[in-house]
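Shown next, in structure tokens, is the structure this report addresses.
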């Protein structure tokens, strides 16, 4: 045998043995560490913001205000997403870049349950948005059937939330048994002695691949998006129709102008309490309520669409094993593109939940007033 060929075989065998000794890993450059740290700070602010929203929603139990169960549950899920981001990405950045051994061990104790909970949360959030939108559709409906009244009663809301969350847990529970933590005790690098890998049955099962990709893509991405777009379009069209009818019944232009000014002043306190909407200055030809519905649809659907399209694209690339995801120098190391893209997907999911309180404060006059009252009461309590 040629000595050159023999040397190449020995080198390939050494590389193969090295690959088996150590776990797959992702590089942490200073730039990536700084970006993940900034994102973790945003996630921390998001957890506090959603706790504040939950307190404000829970305090509003007055009969003439809109129901706050779905927004409250959504605030809990947004809090969970932000907290899970800290556990999965913030801690990983500290472990990988700062090389903290005790944190590395702790990370792989909770990594699987935290990952499963994150997938459950991602599935539940769009359905809470759908239920909140259905409730707004109910409030804008003139003819309320007994079935709709029962569905939107206090008991009906609680049953809906419990059943939907139970279904999300049931649909995502197989992932808890499809992933495991593998040990590489012979690896010379301590921080590559553990990693998560799919179990053998999950890799070999075509049924599980079909369920986890095709079925869950439809359940988590396609169905919620179609429903959110359709329901919000119905609401906007209905409110536009009501606005046109009210304008036809208005008095002459001068009186109408005075009433518009009065309406603008009292909207933050009364009118917005019957619509979970957004009210921005543009679209002046529409009433505040219609503008509210338009921007609500834009905010919810756009943020949801962006995060899910990115997630779907990454999933397709990972399932196809595309070469762009692997480093040319080391097949056990993720490519720069894969690392950046996966970080972006996770950040967008978290960011849309973290800024929910900002969207509410900027666009919803009623919630903005509640938040101002909350801080005013805290300030007075401290002063007293």
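Glycine residues also receive a Cβ, built from the backbone N, Cα and C atoms like all the rest.
Taking TrEMBL as the reference, the stretch among 3-21, 136-154, 155-173 described by the feature transmembrane segment is residues 155-173. TrEMBL assigns the feature transmembrane segment to residues 213-236, out of the candidate ranges 189-212, 213-236. Just going by CB pairs under 8 A, the stretch in 33-57, 69-88, 213-236 that sits most against the transmembrane segment (155-173) is 69-88. Taking every listed stretch (33-57, 108-134, 213-236) in turn, the largest tally of C-beta pairs under 8 A with the transmembrane segment (337-359) is reached by 33-57. If you look at the transmembrane segment (108-134), the same-chain residues 6 or more away from its ends with a CB under 8 A from one of its CBs are 70-71, 73-74, 77-78, 80-81, 84, 87-88, 152, 157, 160-161, 164-165, 168-169, 171-173, 175-176, 179-181, 194, 196, 216, 219-220, 224-225, 227-228, 231-232, 235, 276, 300, 304, 349, 353.
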